Amino acid sequence: MGGWLGRQRRLLRMGAGRFGAPMERQGRAAATSAAVGESADSEARRRDPLRRRASSAAPSGSGEAESVRRERPGSLGGSTSAGRPRAEGLRKRRPLFPWFGLDIGGTLVKLVYFEPKDITAEEEKEEVESLKSIRKYLTSNVAYGSTGIRDVHLELKDLTLCGRKGNLHFIRFPTHDMPAFIQMGRDKNFSSLHTVFCATGGGSYKFEQDFLTIGDLQLRKLDELDCLIKGILYIDSVGFNGRSQCYYFENPADSEKCQKLPFDLKNPYPLLLVNIGSGVSILAVYSKDNYKRVTGTSLGGGTFFGLCCLLTGCSTFEEALEMASRGDSTKVDKLVRDIYGGDYERFGLPGWAVASSFGNMMSKEKREAASKEDLARATLITITNNIGSIARMCALNENINQVVFVGNFLRVNTIAMRLLAYALDYWSKGQLKALFSEHEGYFGAVGALLELLKIP
């Protein structure tokens, strides 16, 4: 998304594509998308025979694609006759490069990209220029314009997917920049690569028509909870470049003694999965294929950021967190000790517990004494207390003692993670441990990639 973001928006305003198609029509666009995409792809293949050899193999389910696969000589798995059947089977199952998974959320778009590192000299020679351009653009940049970021510290190296070895890259950008991303796909000629994007999240419905009309790209829409479960189980199974993917906080309430420690999720079931994005969904997971959505709440990361924008005038999520880190919520919240003068011993409520979030703001004097940082901190504690309370009740009702918190709300948000960890430990009397994951916000996109590759 380089410096082209502003330029692409101008192109869109000048008529370079139909961004902004009526939303009520987008739910019906899937059938039209498939028909139009198939016709356009057939014509493009006629014009460009090199597409038949765009460094991997055509997706299954098409008679024409099967004939294309049979035309390709050689085996990617080696020259021995014993290895040929397996290699041929892998080639027939895997789609063409590039391999992407998309999770289009209400606030952020998460994209995972598999970069093949085992490309042979023959493949590189036959590789079309648009594919080389895409790979170079995504892997040689860390930032894409002012909003796109590749999380280099999360890169997974030396993975094997569908018989190909490579690295997995993790990229994010704000959802409001999706039109510019689609335009970039058009500029880089994505559609000539016979690319079908596997996408999850609400935006896969919202932007489906734009992908088709602007980028000439098809979206295969996937259930976001299916992708979430599949993604977290896969990432946990491959680990984090030799390190543990899962972790917890020891002594979360003590800033000096607090430690981040690895946790081995070798027996993941049953598992309570708390996905904190713009809103919150809570899932009870009993096996890879057996799970249910227990409940959720509309008070999530979007609520925190939105309220901080209103109360403090901040403009970014990172700015809101920075302000919260310097604030004192006790100047904003009414505590148990403010009501009882100390602990409420009969029900075991300590004096420092919050009795009423923002309760002190009823007083004019206390409103004037509270800083923007105090308001941001109180907002963060309000949201995390609510999520922690609901998660605890769900864990008790479902008789589950492993609670994993994921989602982009937790990105660079150690304060919230420690608050959740302490709340869960305190109110459960040590019976519940809050667990977290290094790739917290990318599991949906990983699940979408696995679906593209048909990995169970």
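Every residue gets a Cβ built from N, Cα and C, even glycine.
Predicted, not measured: the structure shown is a model, and the values here were computed from it.
Annotation source Swiss-Prot lists region 'Disordered' at 16-89.
What Swiss-Prot records for 28-39 (among others) is compositional bias 'Low complexity'.
What Swiss-Prot lists as phosphoserine is Ser55 (among others), and the listing cites similarity to another entry.
Positions annotated as compositional bias 'Low complexity' by Swiss-Prot: 55-65 (among others).
As annotated by Swiss-Prot, phosphoserine applies to Ser56 (among others).
Residues or ranges marked as phosphoserine by Swiss-Prot on the basis of similarity to another entry: Ser75 (among others).
The motif 'Nuclear export signal' annotation in Swiss-Prot covers 154-161 and rests on similarity to another entry. Taken as a whole, the motif 'Nuclear export signal' (154-161) shows an average pLDDT of 95 in this prediction.
Sequence annotations record features per position, and here Swiss-Prot assigns acetyl-CoA binding site to Ser278, Ser281, Arg293 based on similarity to another entry. Cβ neighbour count for Arg293 (acetyl-CoA binding site) (all protein chains, 10 Å cutoff from its Cβ): 12.
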For Ser281 (acetyl-CoA binding site), the three-state class that DSSP assigns: strand
Remote residues contacting the motif 'Nuclear export signal' (154-161) - C-beta distance under 8 A, at least 6 residues beyond either end: 99, 114, 117, 167-170, 235, 238, 240-241, 438-439, 442, 453, 455
Intrachain C-beta neighbours of Ser278 (acetyl-CoA binding site), sequence separation six or more, cut-off 8 angstroms: Gly105, Gly106, Thr107, Gly300, Gly301, Gly302
C-beta crowding around Ser281 (acetyl-CoA binding site), within 10 angstroms: 19
